[in-house]
Amino acid sequence: MSEAEGAGRARAAVARLSEAVGERRRRLGTAMGEARRQRRLLLVVVCVALLLDNMLYMVIVPIIPDYIAAMRGGGGAAGPSARAGGNESGGGGNRTLLPARYPPTAGGNEDVQIGVLFASKAILQLLVNPLSGTLIDRVGYEAPLLAGLAVMFLSTTTFAFAENYATLFAARSLQGLGSAFADTAGIALIADRYAEEPARSRALGTALACISFGSLAAPPFGGVLYEFAGKRVPFLVLACVCLLDGLLLLALAPPCATGARANMPVGTPIHRLMVDPYIAVVAGALATCNIPLAFLEPTIANWMKDSMGASEWEVGLTWLPAFFPHVLGVYVTVRLAAAYPHLQWFYGALGMAIIGASSCLVPACRNFGQVIVPLCGICFGIALVDTALLPTLAFLVDVRHVSVYGSVYAIADISYSVAYALGPIVAGQIVHTMGFAQLNLGMGLANVLYAPVLLFLKNVCQMKPSHSERNILLEEGPKGLYDTIKMEECKGMGKSLRPAGEMEENGVDSYRRDLTGVSEEDSSDYEYS
C-alpha cells in the first residue's frame, strides 16, 4: 500500500512539475510575442520620425521663396494673397502646388539666402552627429530618439510662427540638431531590435521608403495647405504628428524606466569606427552616391527652363516619378539580400554604376519625358546602395566591434549630411563656372570610379558572426525579461544553424548549449545568412 501511495505521489509531483514548466513556457511565449509586437510598433515610431524629418526638410520648398521675397519687400509674412499679388520667379501661384525641390527665385541675394537656409540643417547635423552617436552608445536609443522628436517639435512650431529670416534660420538649424539625434537613434534602434537577417534589411528598407516618401510628398502637401489655409497650417500639422509620435514612444519604451541598457555592452568609440577601413569604404559610398541627388535638386529646375523651355508644372513634377523606382530598388535589394546575403557589396557597386551612368545621361536629355528616365535611374541606384550598405554597417559592427550601433549610424548620417550640406551652396557655383553638363559628368564619373572600391567588402560580407559581447553577457544568466527573451531567441537561432546530423555531446559543452543554443564549435561552423 505504501508503495502505491509513493508511486501516486511521484506521478502527482511529475504532473505538477510538467504543469509548471508548461505554464512558464506559455508565459515566455507570450512575452516573446509581446516583444515582437513592441519592436514592430517601435519600427512604426522610427518610420514616422524619419517621415516627419524629411517632410519638414522639404515642406518649406514651395513656401520659403515667396516668404523671403515678401519679407525682402517689407510685406511681412507671406500668404496666398501676397503670393497672388506677384511672384518674382514668374511661376505663378501654381508653382507652390507642385513638388519642385528648390524652386528658382529672382535675385542673387535671395538665391543665396535660400541656399544657406536649406544647407544649415545638414551643416548643424554634420557637426552634432559625432556627439550624438557617442551619447546614444552610452545611454541607449530611446531617450535620444525622444529628445530628437522634442527638438523637431520645437523646430516645427518655430517655423509656423517665424516672422523674419533669422527665426527661419534658427528653426532650420534646430531641425538639424533634432535630426542628429532622432535619425541616428532611430536607425540604430531598428538595427538593434532587428538583429537577424533578412528582417533587419526589411526593416531598414521600410525606413528608407518612408524617407523617400516624405521628401516627395512634402512639397505638394505644403503647397496645398499653404494655398488654402496659410503658412502656419502645414507646420502645425507636422508638429501635432511629431507630438503624437513622441507620446507613442513614451508609451512603448519609457526611456527613464527601461533597464535593458544596464545589461548592454559599451560601444566602440566613434573615432575607432571612423578609422575602420571597411566602415570608411561604406561611408564613402553613401556620401558619393547621394551627391548627384543633392547637387541636382537645386540646379535642375533652372537648367530645364533654359535648355528645354520646361513649364512650371514640368519642373514641379520632375522628381515625383522617381519615388516609384526608389521603392522598387528597396524591394529588389531586400529580396536579393535575403537570398544572397554575401553579395551586399555587389548590390551597392551595381547601384553606384547605375547612378554614374544615369548622371552622365541627364545633360543629353532634350525634353521632359527624357529627363525623367535618368532621374529615375539615379533614385533606383541610390535605393540599391542605401538598402545594401546600411545593414552592412550593422554587420560590420557585429563582426568587428561591439554590437552597439549609435556611433556607426552617426557616421552614416555624417555621410549624408556632407552631400546635402554642400549641394545647396556649391552646386550653383559649379554650374556657373563650369557648366551643368560638366557637373553631371563629374558626379557620374565619381560614382563609376568608386563602385570597384566596394570589392574591398567582398571578404568581410562572408565573415562568420562573432560570439559578441552581448551573448557573453547573456551567458551569465538572464537578469530580466528582456535578457530571457533574447536568450530564448538565441536558442532557436542556434538550433536552426547547427550542422545537420551533428550529435549533441554531454558535459560542459552541452551545458553551454542549454544556455546560449550555440557552442564554440558550432559558432565556427555556420556562415552569415
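From the backbone N, Cα and C atoms, a Cβ is placed for every residue, glycine too.
These features come from TrEMBL:
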- 41-64: transmembrane segment (TRANSMEM)
- 42-462: domain 'Major facilitator superfamily (MFS) profile' (DOMAIN)
- 143-162: transmembrane segment (TRANSMEM)
- 203-221: transmembrane segment (TRANSMEM)
- 233-257: transmembrane segment (TRANSMEM)
- 278-296: transmembrane segment (TRANSMEM)
- 316-338: transmembrane segment (TRANSMEM)
- 345-365: transmembrane segment (TRANSMEM)
- 371-396: transmembrane segment (TRANSMEM)
- 408-431: transmembrane segment (TRANSMEM)
- 437-457: transmembrane segment (TRANSMEM)
- 495-529: region 'Disordered' (REGION)
- 519-529: compositional bias 'Acidic residues' (COMPBIAS)
On average, what pLDDT score does this prediction assign to the domain 'Major facilitator superfamily (MFS) profile' (42-462)?
84
Is it true that the transmembrane segment (143-162) and the transmembrane segment (203-221) have 3 or more Cβ pairs under 8 Å, skipping pairs fewer than 6 apart in sequence?
no
Folded-back contacts onto the transmembrane segment (345-365), same chain, C-beta under 8 angstroms, at least six residues removed:
285, 288-289, 292, 296, 300, 308, 329, 333, 336-337, 371, 373-378, 380-385, 387-389, 392, 436-437, 440-441, 443-448, 450-452, 454-458, 461
Taking a Cβ cut-off under 8 Å, which residues six or more beyond the ends of the transmembrane segment (371-396) line up next to it in the same chain?
187, 191, 197, 200-201, 204-205, 208, 212, 276, 278-279, 282, 285-286, 289-290, 292-293, 296, 300, 304, 308, 318-319, 321-330, 332-334, 337, 344-345, 347-348, 350-355, 357-359, 361-362, 365, 405, 408-409, 411-412, 447, 457, 460-461, 528
The transmembrane segment (316-338) and the transmembrane segment (203-221): do they have three or more Cβ pairs under 8 Å, with pairs 6 or more apart in sequence?
yes
Same-chain residue ranges lying at least 6 outside the transmembrane segment (41-64) that approach it to Cβ under 8 Å:
78, 95-103, 114, 117, 121, 145, 148-149, 152, 155-156, 159, 168, 172, 175, 178-179, 182-183, 186-187, 189-190, 193-194, 203, 206-207, 210-211, 213-219, 221-223, 226, 231, 234-235, 238, 241-242, 245, 248-249, 252-253
